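Chemist: Sharing the features that TrEMBL gives for it:
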DNA_BIND  57-126  DNA-binding region
COMPBIAS  14-42  compositional bias 'Basic and acidic residues'
COMPBIAS  131-142  compositional bias 'Acidic residues'
COMPBIAS  151-165  compositional bias 'Acidic residues'
DOMAIN    57-126  domain 'HMG box'
REGION    1-59  region 'Disordered'
REGION    122-165  region 'Disordered'
Amino acid sequence: MKEAKGKKGVGAVAKRDVKEKVTKVQDKDIKKRKGPVKEPKGRKAKSAKKAKDPNAPKRPATAFFIFLNEFREVFKKENPNVKGVAAVGKAGGEKWKSMSEAEKQPYVLKAVQKRSEYEKTLSAYNKKQDDDEEDEEVEAEESDKSKSEINDDEEDEEEDEDLED
């Protein structure tokens, strides 16, 4: 580079250096963006999740969540200024940890009862689903048979007409 004389030359050189540095940085960024996106080796593609049936029975609440529902009402009455969900959850967790097994027993019994009811409804639901699937398979087979039988009958009639001619 030439040395510049006076104030204008120094400023011009400094600006040019800044522009060169900026363009180099931008070129690096652009090069990074242009590169092909590679998936890391060793990872398998995610398998498609089975669609959740909205009619399926919902899982029952655990003993802690049954306790937390009751605790939430009490906590809100005692602490009307606390609006945060996290604060209620933390207080409930601390209370649950400090409780003895005897104090937890009513909530555990309710959870067991709800779990048994859930298992009954789930087995009935699964049985109904299996019956529906079997009915659909039978209907599909019958429709396939009926189509083939109809086609066979039409072919037989055409052959008979050809023989008569």
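Using N, Cα and C of the backbone, Cβ positions are placed for all residues, glycine too.
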Chemist: Looking only at the domain 'HMG box' (57-126), how are its residues distributed among DSSP helix, strand and coil?
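Modeler: Summed by class, the stretch gives 56 helix, 0 strand, 14 coil.
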Chemist: Mind looking up the mean pLDDT for the DNA-binding region (57-126) in the predicted model?
Modeler: 94
